[in-house]
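K.L.:
Pulled these from TrEMBL:
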- 21-46: transmembrane segment (TRANSMEM)
- 52-81: transmembrane segment (TRANSMEM)
- 102-123: transmembrane segment (TRANSMEM)
- 113-239: domain 'DUF7847' (DOMAIN)
- 129-150: transmembrane segment (TRANSMEM)
- 171-193: transmembrane segment (TRANSMEM)
- 213-238: transmembrane segment (TRANSMEM)
Amino acid sequence: MLISAKDIILQTIQLYRQNAALFLRYMTILFIPLGISIIVGAFFSLGEPTSLLLGVLSITIMLCVYLTSLLVTLAFIRVVATRYAGKQTKPILEELRAATPLLWPAIIGSILAGLAIIGGLFLLVVPGIIFSVWFAFVVYAIAIDGYGATEAMRSSKALVAGKWMGVLWRLLAPGVVFGIVILAFEGLFSLVAGNIAEGISSEQTALYIGTTIIFGLVSSIVSLLLTPLTTAAPIILYQELKKSPAVKK
């Protein structure tokens, strides 16, 4: 019998509590590229880059930030899956090295799954929704089991076969619960930040940039503290789906 949505939520919370120190180390590493993107974004928020060189530099920095964030995310997915299985993880640098060959398959897999979902939405809304559940586990299949992009898509679809509604519910329920928690924290922060920033004008360049950076960094910290919850829930579901017998159509 497939794990219930309630048990996914409870086991996600328990897994985070038991591994908080380890998980937060990865969130700290993930904060570095996010912090860089916030700082770069703040400096360019005042207007368009004044030269082609600055524009190219900005794009290059953001691309490096994206690749670094993806690498850390892939390593973190592997770590969460390992700890859920009750096994010991490798040192962080070893996990990052192990995740490096998965970068390209993860990018290709995400693009292919995204194109399939967007294509389904263009045809009709329903096919897009169906495809989104079919391919919900593509990145997890790549990160955890080392599949290639197309193999991960086939594996994800096979796991969902005959269980589409059940999988949809088990994806949505934890997402809604943890999403409400995240929105509550971010809403409270936005309220406080909005009151502080109310009297700051973009013409006050140094103060405006500094305030934008600080608010962005604090908001990222709040989000990262809760990211292990939203990451672990689908990983738990993915691992349990692999244990669940296939349903013949």
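Backbone N, Cα and C atoms are what each Cβ position is placed from, and that goes for glycine too.
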K.L.:
Do any residues, 6 or more residues outside the transmembrane segment (129-150), come within under 8 Å Cβ-to-Cβ of it, and if so which ones?
P.N.:
74, 77-78, 81, 99, 102, 105-106, 108-110, 112-113, 116-117, 119-120, 156-157, 159-160, 164, 167-168, 171, 234-235, 238-239, 241
K.L.:
Helix, strand, coil: count each for the residues of the domain 'DUF7847' (113-239), based on DSSP.
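P.N.:
Final tally across the stretch: 110 helix, 0 strand, 17 coil.
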K.L.:
Under 8 Å between C-beta atoms and at least six residues away from its ends: which parts of the chain pack against the transmembrane segment (171-193)?
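P.N.:
Non-local partners: 5-6, 8-9, 12, 133, 136, 215, 218-219, 222-223, 226, 229-230, 233-234, 237.
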K.L.:
Over the domain 'DUF7847' (113-239), what does the predicted model average in pLDDT?
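P.N.:
Across the residues of the domain 'DUF7847' (113-239) the model's pLDDT averages 86 on the 0 to 100 scale.
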